[in-house]
Amino acid sequence: EKQLSAEQGAGRGPKRDGQTLLTQVWRHLNLTECDYFGLEFQHPQSYWIWLEPMKPIIRQVRRPKNALLRLAVKFFPPDPGQLQEEYTRYLFALQLKRDLLEERLPCTDTTAALLASHLLQAEIGDYDETLDREHLKANEYLPSQEHSLEKILEFHRKHTGQTPAESDFQVLEIARKLEMYGIRFHTASDREGARINLAVSHMGVLVFQGTTKINTFNWSRVRKLSFKRKRFLIKLHPEVRGPYQDTLEFLLGSRDECKNFWKICVEYHTFFRLFDQPKARAKAVLFSRGSSFRYSGRTQKQLVDYVRDSGVKRVPYDRRHSKTRMSVRALTADLPRQSISFTEGMRTSASPSSTNASFCSVPTSPLAPRGPPDFKDSSGSLTEPQAPDAKRPAAERSTGAAADSDTRWAQSPGPPALQPCQGLSTESPQPSPSTRKSPLSLSPASQVTLDPAGQGLSPLLSPVLSDAGGARMDSEEEPKHKSMAADEAYFIVKEILATERTYLKDLEVLTVWFRSAVVKEDAMPADLMTLLFSNIDPIYEFHRGFLRAVEQRLALWEGSSNTHATGDHQRIGDILLRNMHQLKEFTSYFQRHDEVLTELEKATRRFKKLETVYKEFELQKVCYLPLNAFLLKPIQRLVHYRLLLGRLCGHYAPAHPDSADCRDALQAITEVTSTLQHSLARLETLQKLTELQRDLVGVENLLAPGREFIREGCLHKLTRKGLQQRMFFLFSDVLLYTSKGVTGTSRFRIRGLLPLRGMLVEEGEHERSVPHCFTICAAQKTVMVAASTRLEKEKWIRDLDTAIDAAKGGSDQSLVLPGGVVCTPPDRSSEVSLEQESEDARGSRGSLEGQGQRRANTTVHVCWYRNTSVSRADRSAAVENQLSGYLLRKFKNSNGWQKLWVVFTNFCLFFYKTHQDDHPLASLPLLGYSVSVPQEADGVHKEHVFKLQFKSHVYFFRAESKYTFGRWMEVIERAGSSPGRARRPEEEA
């Protein structure tokens, strides 16, 4: 710092590029994870700009010798576990302290008091009422702090024994879940002139109206970002733009502001989405077009890999409480003498002597990778000058106590909101004698303050389904909350939260995405629009409020997880009871969903424009299930509540303070589900028949009163050409068999129809020559088929016999076949001539079939390719066994683990980067897969790992806890092993 000041005095410093100053600051601070931070200065128009590494300082700062440069957090990862160094987390906590005081982190009074109590614990140590009151009188943590004083003291009393490292981590854990975490607004207006605020986060560009987020343009949806004078332009990919135009335009205050926001977006995208920083463009000899700006630092992946793999020596880091000097302004900490990596910290004992990790001195080249200049704006934030000789003495900090256990398991924040950095006076830690560095005190000319003026981004690091990237976990990880590792109730609440997030995203497929599609094309009649959305919107709004309540309660629960007292926050029954009672008011909405589904199907047949929009929408990534399946989600969710509440009540002892509310909530939701039981059955039948009507070519009126779906699956039919693969569909009155459509389509063409009345099923005469075969004798036709296994054969015979018996007293149903032929069983034409007729109809129906491009993870297509079957009982079991949450995934021959948000529904795993993503990146249908625990030969020596295998395809998944591991195993086994799918290995072929 003295050298830098001397250079500035001699006139040489300002001529250096920004990287020179940045490198000296990183070295002075002994800051390893420096790429999360930056230096900012104030623009004459009062907004803040990042110092660009590749430009001379004199070209950026008007009066360099008198400039105030502030140290600020530039990128906010949503998961504190991505910050490897304890010292880095300390600086982040200081930033959040400043944001809280400056009202840039809006939250409820209770949450604000909880955050302040953790900051207080980190500053002065364990609760002492006299010292606490003196300290809070002299130092301000919250605006109008006096109103929250008693709450702060109450929370602080519960943090006894919590180390500063644990307190820092709790601050990050609670803050990252807040909606405005790290958000920095850039004032703008839209095309209509309405005032809005723009921001950027790891997930993309955010649009706010006031403080309400109204739009998120994910990076995956953005094709190009550009600016022209004061106009900021977002070009979207055509297939995902939804209700928006191809190019969105926003007007900022000036060209400089617009360019500044554009640069921030460029840096955020590069840091969080790319593996490597892009190379700088060569300068044009004569003319240049557009900006050559590029992010010049390391990407998050490079930074994480560097800290993890470099093996550099780390200087020990001591932090001390202070109960004597309480001035926050004078607060400075000792520079890292113990900066231990997070995973190491979790395995180290709490005594300073137990730590032997050393600090990594920061080399210039890796710390400052060169590239295009990096120029960013952030809303201004105040920073307080540091006292040069201020110390932070007191109780020795536990070096190895790194907050909760594995932070990577801390509810992975999906896309946190954009993080505007604000200057937090980071009276930064000062070097211990062994580091031979002077205390951190910057002169006004180069003062450093902690301010997250950049916007915080933080997606997971890599493409989800490749080994190369992703958040990797190579070291041992422990449960996130040690004090709650055995508390099953906590993990049940986490399951409620995780599945509620998925459920809300499913509702948005209808309330946001499908609505936008039909409104844009004006494709849906007004009465149907009213019927559909008047029954869905109120449910969606209710669950948004319920989700917020659960998130807030879980944040408080986790906030008190390291204390010796459980407190009132480690309960969920009151919230569940209140909301389960409110759900009774929505019974009439739930009961109308079958009417909605019926009318929607009729309308798609009557209105070609709606049919086209419907089919095109089902091809979008956001519609990851058949569209009508999302209409079942509200009633299915009630079943999930009942099951989760039953699990919670089974865990609690009768005397537990949360038990009474949970039991009352269970009774309330049981009453609702009992009322809606028949509605759910009707909906499931209607949805399945509607889905098959779209998938099958050659039958016009599959939807008929009284007809029920029983089983679908693959069998091989004996023909003149030998055994041919066919897809069979068993209903309550008829058996259909089909073949796959022409190449490039995903629909099935009817080959035959066999009425159940008068049908017999016999063991095949050719059992010895054709394994697992049986004969189906209809009124005028006999068909010989073979199953893939003995178990499959038994399931088909059992369901056929049951359906035949039930059909004896049933009424006849008719089907309209190709060419308009109406077949009423036992009409011989439906049995004999259908195969030839469907061949003849191929030409006339070819255009329709060409429109049937459906995704291949539906049960029909999976059964075809996996040579298996699914029954009505299997589908009912799948409804009760759905799960969401973060898992680590590893391929058979890879070493690294990727952290993914995983949703299990409809016999399929869907993979996302975070829970806030709008659509899955990939899927894995599990029909035919077996789930087990890895064997010694698999070479996976980790806890809580389960293995999925189908033939040579092997995947390993790692859960965060024993409870979560058990739940994933349970739901996958149950969904694949209903009474109709139970496997007996000795009977398999």
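Keep in mind that glycine also has a Cβ here, set from the backbone N, Cα and C atoms.
Positions annotated as domain 'FERM' by TrEMBL: 1-276.
Annotation comment: TrEMBL describes 339-482 (among others) as region 'Disordered'.
Per TrEMBL, the feature domain 'DH' maps to 488-679.
Across the residues of the coiled coil (593-620), the predicted structure has a mean pLDDT of 91. For 593-620, the entry in TrEMBL reads coiled coil.
Here TrEMBL flags 708-805 (among others) as domain 'PH'.
Here TrEMBL flags 825-854 (among others) as region 'Disordered'.
What TrEMBL records for 880-977 (among others) is domain 'PH'.
With DSSP classes pooled into helix, strand and coil, the tally for the domain 'PH' (708-805) is 16 helix, 50 strand, 32 coil. Two recorded stretches are said to be in contact when at least 3 C-beta pairs lie under 8 angstroms, sequence spacing 6 or more; the domain 'FERM' (1-276) and the domain 'PH' (708-805) fall short of this definition. Counted with DSSP, the domain 'PH' (880-977) comes out as 19 helix, 41 strand, 38 coil.
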